[in-house]
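*Asks:* My questions will all concern the structure given below.
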Amino acid sequence: MSLSEQYEEKVRPCIDLIDSLRALGVEKDLALPAIAVIGDQSSGKSSVLEALSGVALPRGSGIVTRCPLELKMKKSRKADFWHGKIKYEDYEEEIEDPADVEQMIRKAQNEIAGTGMGISDKLISLEVTSSNVPDLTVIDLPGITRVAVKDQPENIGDQSKRLIKKFITKQETINLVVVPCNVDIATTEALKMALEVDPNGERTFGVLTKPDLVDKGSEETVVSIINNEIVYLNKGYIIVRCRGQQEIKDRVSLNETVKRERDFFEDHPHFRTLYDNRKATIPNLAEKLTLELVFHIGRCLPRLEERIQVKLSETQAELDRYGSGTPTEPEQRIYFLTDKITAFIQDVLNLTTGEEVKSMLYMNIFPDLRKQFDLWKNDLDSVGETFNKKIEKEMKAYEEKYRGRELPGFLKYNTFEVIVKGQIKQLEEPAIRRLKEISDLIKREFSQLAHSNFPGFPNILKMAKTKIDNIKQVKESETESILRTQFKMEMMIYTQDKTHHDNLKMLKSKEEGKERQKLGVAHSPSHKLYDHSDSEGIREELTCHLKSYFSIVTKRLADQVPMVIRYMMLQESAAQLQREMIQLIQDRHNIEELLKEDHDIASKRNNLHSCQKRLTEALKYLAKF
């Protein structure tokens with residue numbers, strides 16, 4: 001059964017669906033299933049496409065394909081029928097004579113990429129409906145060049161490679177690589193580029209051209225390539241013979257070319273087996289490509305619909321951020337500004353309570369705050385550990401330096417005070433450092449909310465950020481003052497008697513436990529741990545008091561410092577920002593200035609509306625399919 005009989009009913013709808021989505025512009029938002037044709041210069045790429053489409057394409061030296069060309073071929077049931085249509089940018093024109101196609105493409109390229117030799121990534125769409133073409137759509141890409149010629153830019157090679165990679169990198173693209181038989185396939189730039197983006201050759205298909213130019217003795221190498229024995233490609237290879245330069249000069253018809261191609265392979269002693277195995281000729285290539293494209297489309301469609309839904313949701317969310325634009329009526333403008341500022345304030349307040357922030361999904365400041373508060377606890381623990389290690393040494397040094405007329409064994413409260421105050425003082429600057437870090441964090445988060453709530457309104461954004469910055473400075477100064485006052489109070493040395501007694505008792509119990517373990521005794525030793533009559537015993541007693549009190553201080557500061565910082569820098573800053581932003585609404589003189597919109601925003605909003613429209617249409621197409 002022939003291809004047209006077996007697949008006609010499902011082939012064309014599949015290809016038409018993707019062509020329709022591409023015509024809608026969906027490819028601006030998402031990659032669509034496609035066959036991209038690439039090849040080095042003089043690889044025979046244009047000849048292959050001419051043989052498939054039945055129309056002459058631009059030829060010449062240098063890069064002749066200067067824009068991606070979407071070649072849509074539609075098989076007509078009418079005998080000897082031909083019709084063409086070219087579309088690019090906002091231009092569309094019917095083509096009645098196939099002889100006009102080449103000139104029409106050149107004209108389109110000149111209008112898009114200029115009259116020189118530059119290239120562009122803007123798509124030209126050529127539709128050919130004929131009884132002599134397969135149902136197939138391919139995208140022809142500029143040939144790969146290494147050296148600039150004539151008016152080409154010096155970096156034309158890099159430009160062409162970037163454009164090609166833009167297409168062939170997409171997982172939805174089948175890469176059709178055209179390679180001449182008379183070159184070493186392993187050195188061709190086109191195949192190298194294809195395998196860079198598709199290392200396993202899963203979506204790469206090779207076409208070998210110019211078999212009539214193969215050197216004698218090299219034929220079996222070509223056969224090995226086609227049989228996938230040299231450079232493996234999952235989709236395999238096929239070999240074709242198209243019109244040569246002399247045949248083009250002699251104006252040999254494409255129908256005659258197909259006949260000559262068939263005769264060439266049937267009569268060739270080496271390539272005949274390839275023809276018998278349907279691995280040769282343009283008709284077999286057309287059939288293979290159509291089947292590959294239809295299968296590829298069928299495999300991509302379920303995921304495509306899902307991706308369109310996701311993109312549509314993202315587009316709607318972005319449109320919500322930009323809003324519907326500024327109203328023109330004065331009263332409506334006031335309401336508009338009020339709504340924007342209210343939404344911003346609500347986001348700020350929600351941020352301070354850990355609730356959902358509307359303008360920025362998943363934004364939550366508390367994990368970062370907890371990290372900072374954990375660092376503060378680490379500061380406390382670090383100073384405490386250092387204190388415990390050097391406490392006895394410090395007491396001995398202090399006693400030697402400051403002991404007066406008193407006999408050994410008399411415990412001075414002043415010694416206790418001086419040592420404790422010295423340790424507490426070491427905690428003050430780490431607390432201020434945490435304040436600065438958290439202050440910067442809160443400013444960043446508030447500023448992000450301002451950016452997400454006021455896109456396109458630079459004056460409101462600037463005003464909000466100025467207020468955030470000013471409030472940060474004021475509240476940071478106030479909070480620093482409170483913290484320093486807290487540390488001044490800590491210098492008074494105070495806790496409830498019972499608190500100190502209980503803590504001391506617990507600490508002594510732990511120390512005695514350690515002593516028992518050290519002595520290897522199950523019960524308490526006969527002498528008390530601190531019942532010494534010499535200065536060492538006194539120092540041990542004082543050590544226990546110092547450790548006990550310092551642990552009380554660190555427990556107090558572990559909570560107090562974060563509570564002060566969180567209340568002043570987060571809660572109070574948010575409340576002050578709320579008051580000052582509301583004041584903006586009440587000052588009617590600045591409303592016009594505040595509502596001046598960024599000139600790019602209207603354009604972005606229009607682009608988003610266009611995207612939303614084409615994606616919605618795309619879903620309708622998919623639903624009907």
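Just so you know, glycine gets a Cβ as well, placed from its N, Cα and C.
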*Asks:* Pick from 77-80, 241-244, 261-264: which stretch is listed in Swiss-Prot under region 'G5 motif'?
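*Replies:* My reading of Swiss-Prot: the region 'G5 motif' range is 241-244.
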*Asks:* Of 140-143, 172-175, 456-459, 588-591, which span is tagged region 'G3 motif' by Swiss-Prot?
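*Replies:* It is 140-143 that Swiss-Prot describes as region 'G3 motif'.
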*Asks:* Sort the residues of the domain 'GED' (539-625) into helix, strand and coil with DSSP and give the three counts.
*Replies:* 81 helix, 0 strand, 6 coil
